[in-house]
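J.: Please read through the structure below; I'll follow up with questions.
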Amino acid sequence: MSSHAAGTSNGGSVDAAAGGAARRNTRMPKYSKFTQQELPACKPILTPKWVVSVFFIVGVIFVPIGVVSLLAARDVVEIIDRYDEACVPGNMTDNKLAYIQNETISKECIRNLTVTKDMKQPIFVYYELDNFYQNHRRYVKSRNDAQLRDKRKANQTSACEPEKTTANGQPIVPCGLIAWSLFNDTYSFTRGKENLTVDKKDISWKSDREHKFGKDVYPSNFQNGALKGGATLDPTVPLSEQEDLIVWMRTAALPTFRKLYGRIYFDLKENDTITVRLSNNYNTYSFGGKKKLVLSTATWLGGRNDFLGFAYLIVGGLCIFLAFAFTLLYFIKPRKLGDHNYLSWNRHPAGR
């Protein structure tokens, strides 16, 4: 009994000594207001006056911005011409797909546009497609960005199905469905006997030209298959200078979209007649799509877009309405700030 007690006593002494040493070796954390969450803080109380004032100020700011945005959008002059149906020969209106697929039938078409208001240069030329889903998951993924940037990675065609290689296994550059379906309608413009040249320089994003498409990457084996999807590319021009391709490869989020074709650096006067000679090559008939040619000016806010102006007006108007509603409620049924009687546990149940 005595030896067991002595052993227990010695063991307890050793444990106590070890615990004391551990406590001595443990460093207390350095005191700071940050670690102790004692920094000064602002805890605003949303009084009725503050809420009404904020709503009213936001409304007063937003409504004028909305009015200015709408006025700027209304200054934009647009000419929109849908030509996909108008350019089909009269004897083939019932079989448009056969018309577009028959290479022996001329696709040349002439359209006359009338300028409704004076248009100051530069005049932006867009093509607009409808019911074309560039945001489809398989379509968006059908490309290889590494191949577009670096000529040493020309053989990288992963994710480019079904347009990745030719029939004999040669890699296609650029590969994928997006490049394969490149828009290939062309436009030229004249006013009387005056040729209105379309400037196609810098129509793409600078960041895309410099970082996404290589200066030493050239098209190869492109549109060499049995089925051609769209335009062909000049094999002697690097991808960084193929701006129509760069514009097309930036896929749209919605099924109706516009893409920049070029700019016209001529002033157009009201009632001028613009003759458009176009090649109606792109097949939108197989999926019920529409094609439009758009001539548009721009303001400091960009092209015509009423959404931004209406959004500011609606939000600003709603804020002003809420400001007056809260003010009216405050005067009709005021309540003391911080009144504990409004707490749920301090309310007396009905009938008691």
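Placed from the backbone N, Cα and C atoms, the Cβ positions cover glycine too.
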J.: Taking 1-21, 106-126, 232-252, 274-294 as the choices, which stretch does TrEMBL tie to region 'Disordered'?
T.: 1-21
J.: Could you check which of 29-51, 144-166 is flagged in TrEMBL as region 'Disordered'?
T.: 144-166
J.: Sequence-remote contacts (6 or more beyond its ends) of the transmembrane segment (310-332), Cβ cut-off under 8 Å?
T.: 48, 51-53, 55-56, 58-63, 65-67, 69-70
J.: Going along the chain, which residues at least six beyond the ends of the transmembrane segment (50-73) come within the CB cut-off of under 8 Å?
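T.: Sequence-remote neighbours of the transmembrane segment (50-73) are 44, 299-301, 304-306, 308-320, 322-323, 326-327, 330.
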J.: In the compositional bias 'Polar residues' (155-166), how many residues does DSSP put in helix, strand and coil?
T.: 0 helix, 1 strand, 11 coil
